[in-house]
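> Quick one: the structure is below, questions incoming.
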Amino acid sequence: MLIWLVELSEYFKFLNLFRYITFRTGAALFTSALIVFLFGPTIINSLRIRQGKGQPIRADGPQTHFKKAGTPTMGGLMILAGIVGASLLWADLSNVYVVATLLVTLGFGAIGFYDDYLKVTKQSHMGFSGKARLGIEFVIAGIAVYFMMRTALASGIAGSTFGSSIAFPFFKDFMINIGIMFVVFGGFVIVGAGNAVNLTDGLDGLAIVPVMIAAASFGVIAYLAGNVVFANYLQINFVPGTGELAVVLGAVIGAGLGFLWFNAPPAAIFMGDTGSLALGGTIGTVAVATKHEIVMAIIGGLFVIETLSVIIQVGFFKMTGRRVFLMAPIHHHFEKKGWTESQVVIRFWIVAVGLAMLGLSTLKLR
């Protein structure tokens, strides 16, 4: 919104700052963090009073988790307030990629909120129907992907099929055009990202830091992909307009920092599905917009590992009646093996940093 003040730069030279994505990204980070810091305590106290018993604790989980009983959930509301508030102030709201990303952020956040609401009121882990939840997620993601695809196609950059093509790391010119099926592919990426972060969110601070790492990585990618000079130099696909997504991701990082202040062990609040679905969906949408869907599987490799551990556990148990892991997702397996919660969290953070660096290195390897 504030970018519109650039029109007054003829009279107030300092307003030229608002032209620069880097400045507005930093401002969005600071603003979103400030929003969470200021309103966080009020939101936490309100949720604690309204929820009473807080988020239900799994009976089959590690014994150390029972001391967390009574901790309120839906902390994602704080994160959403920071992201949306800062984005409205600092991002270009006429940018289709920004609007599509915020649509997914709010849409997935609303789904997560309803799921959290059902879990808290029923004091059960059985929230929103799985099929219904996935169906609504796919609709929201599909709408966002469709409009982003149309925008990319209309730009005429890299040919008329660019918007509906899948790009591959290491090869700038190797792309596979799948036509309208790109909406399905992109929807799968976004929904998968949202639910992968959701599965990872099981320990204090475990999900939010890797999310910020991924957001920072994709902030760099979005900025480079949206700049024709850098894109040509690195031989990555130039996608006009995606640089503006760096501002939204700056807001994600700021909101994440603010939330971590309250989520640091012992957590005063959990983000719940409200936050995890929204954050994962946001990262997934940026990956689709910048044509780095496959790279996201590397940068967000920790989330992929967590998801695969659940798929393997469930699939193997259905086939053999036995379990591969002591408990899934895999972070609980290591807890059962004797790792302390802080050991699991910090070691997983280290893995997330390594994977992010590996993912970013693909930008130069062509």
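Cβ atoms here come from the backbone N, Cα and C positions, even for glycine.
Dumping what Swiss-Prot says about this protein:
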type     : residues : note
TRANSMEM : 27-47    : transmembrane segment
TRANSMEM : 71-91    : transmembrane segment
TRANSMEM : 93-113   : transmembrane segment
TRANSMEM : 138-158  : transmembrane segment
TRANSMEM : 174-194  : transmembrane segment
TRANSMEM : 205-225  : transmembrane segment
TRANSMEM : 245-265  : transmembrane segment
TRANSMEM : 268-288  : transmembrane segment
TRANSMEM : 294-314  : transmembrane segment
TRANSMEM : 343-363  : transmembrane segment
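Help me picture these features in the structure, burial and contacts included.
Counting same-chain residues at least six beyond the ends of the transmembrane segment (27-47), those with a Cβ under 8 angstroms from any Cβ of the stretch are 72-75, 77-79, 81-83, 85-87, 89-91, 247-248, 250-255, 257-259, 261-262, 268-269.
Beyond the transmembrane segment (138-158), the same-chain residues lying 6 or more positions past its ends with a Cβ under 8 Å from any Cβ of the stretch are 96-97, 99-101, 103-104, 107-108, 111, 164, 175, 182-184, 186-188, 190-191, 237-241, 281, 284-285, 288-289.
Within the chain carrying the transmembrane segment (205-225), a Cβ under 8 angstroms from the stretch's Cβ atoms is held by residues 21-22, 25, 197, 231, 234, 236-239, 242-246, 249-250, 252-253, 256-257, 259-260, 263-265, 267, 271, 275-276, 279-280, 282-283, 286-287, 289-292, 295-296, 299-300, 302-303, 331, 344-345, 348-349, 352-353, 356, 359-360, 363, all 6 or more beyond its ends.
Within the chain, the transmembrane segment (294-314) has long-range Cβ neighbours (under 8 A, six or more residues past its boundaries) at 166-169, 189, 192-193, 195-197, 199-200, 210, 213-214, 217-218, 221, 280, 283-284, 287, 323-325, 328-331, 333, 348, 351-352, 355-356, 358-360, 362.
Residues 169-170, 203-206, 209-210, 213-214, 216-217, 220-221, 224, 234, 236, 265, 295-296, 298-302, 305, 331, 334-335 of the same chain sit 6 or more residues outside the transmembrane segment (343-363) yet have a Cβ under 8 Å from a Cβ within it.
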> Under an 8 Å Cβ to Cβ limit, what residues of the same chain, 6 or more beyond the ends of the transmembrane segment (245-265), are close to it?
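For the transmembrane segment (245-265), the nonlocal Cβ contacts are 21-22, 24-37, 40-41, 44, 75, 78-87, 90-92, 97-98, 101-102, 204-205, 208-209, 211-212, 215-216, 218-220, 222-223, 226, 271, 275, 279, 282-283, 286, 289-290, 341-342, 345.
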> For the transmembrane segment (174-194), which stretch among 71-91, 93-113, 268-288 has the most Cβ pairs under 8 A?
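Going through each listed stretch, the top one turns out to be 268-288.
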> Should anything in the same chain at least six residues away from the transmembrane segment (71-91) have a Cβ under 8 Å from its Cβ atoms, list it; otherwise answer none.
1-3, 24-25, 27-29, 31-33, 35-36, 39-40, 43-44, 47-48, 51, 54-55, 98, 102, 105-106, 109, 112-113, 116-117, 119-120, 244, 247-248, 250-252, 254-256, 258-259, 262-263, 267-279, 282
